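Q: Got a structure for you, written out below as structure tokens; questions coming shortly.
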Amino acid sequence: MENSTLSTNVETQYLSHRIKFAILLTLQIPSIIISLLIFLYFFTHQSIFYIRQNQALLVLLIVNFIQVTFDLPMVIHFNRLGYISPATNAYCKWWTFLEYSLNGTNEMLMATISIQRHILIFHANLFNNRLNRYVFHHLPLLICIIYPMIFYIIIILFDTCDGTQWNFYANICGLANCYMVYEKSLATFDWVFNNGFPIIVITLADVSLIIRVVRQRLRRHGSVSWKKQRRMTIQLLSVSCLYMIAWFPGIIVAAIQYLVSPTFLLDIQVEYIFYLTYMICLFIPWICLGLFPEFIKWIWKNVTPRKTSSNIVKPLQKSSQ
């Protein structure tokens, strides 16, 4: 009886890995292609780059592109095999460092963009001053990139564990970093400050932005045009909603584990819930298709064949005959 149950579990897990492998690989390819096209569009249309809200979105796209091209292949490779290969301490350290630092950078960038969007909509004149542009725009984005890298270099790459804590049959080596297993206070700080707090900021910023835009709309005599408010608000909400959908289930489960039961949905969290975070890097390029209507026109213009003068003259010559 136990052998049949074990065999069923192994078959179920194998099928789960194959399904996740197929889904991730299918979504990864178009995500890479669309991202490359967006980068090419920004490169060939530099006037788009000088729009301030587009600069932050471009940074966000670059971070997600790095995740989908460097981090996600390791996830796909694991699901293809069903186990970690190579099963070494160095590989797991590198994988978790890449995973955590990119996720942290991603969330913090989105939280910063959500706050900056309030300034861009309601206090755009603040960025007319060069010092203010550096303090309120460039510097926060730079901190969002540098801080997670330094933090995880220290606590992951410089840890002193021998590597026996890793699970070589679970995604991201079972998330069994040295500090996650042996330093619960640091693990709690990491989860609350680097993962939970940015999502809360994103949520509060979105809700307050909706309220401010609606109030501005009702007054009908604000200094900011409704067309600009609507465009920038939809742009923010369409991206930030993806972050909330991807992160809220994991944050809620982690809170229950911390406050009630450490084993609550633990297997489901590692095998399924954590995979929701990959929705961000996979679907953000698709969302950007709707954020930049000029980009879609540019693609259509370059994809569709152009009618040359010779193609027009020939039918005319035939009809005259």
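Cβ atoms are placed via backbone N, Cα and C, with glycine included.
Residues or ranges marked as transmembrane segment by TrEMBL: 21-44, 56-76, 139-158, 196-215, 236-260, 272-292. Residues or ranges marked as domain 'G-protein coupled receptors family 1 profile' in TrEMBL: 34-288.
Could you tell me the structural context for the features on the list?
A: Sequence-distant contacts of the transmembrane segment (21-44) (same chain, at least 6 residues past either end, Cβ-Cβ under 8 Å): 54, 58, 61-62, 64-65, 68-69, 72-73, 75-76, 79-80, 278, 281-283, 285-286, 288-289, 292, 295, 298-299.
Summed and averaged per residue, pLDDT over the domain 'G-protein coupled receptors family 1 profile' (34-288) gives 89.
A Cβ distance under 8 Å defines the sequence-distant neighbours of the transmembrane segment (56-76), meaning residues of its chain 6+ beyond its ends; these are 21, 24-25, 28, 31-32, 35, 38-39, 42, 49, 95, 98-99, 102-103, 105-106, 109-110, 112-113, 116, 137, 141, 145, 171-172, 235, 239, 278, 280-282, 284-285, 288, 291.
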Q: Establish whether the number of Cβ pairs under 8 Å between the transmembrane segment (196-215) and the transmembrane segment (139-158) reaches at least three, counting only pairs separated by 6 or more residues.
A: no
Q: Any residues 6+ beyond the ends of the transmembrane segment (139-158) with a Cβ under 8 Å from its own?
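A: Distal contacts: 56, 59, 63, 93-94, 96-97, 100-102, 104-105, 108-109, 112, 115-116, 177-179, 186, 190, 194.
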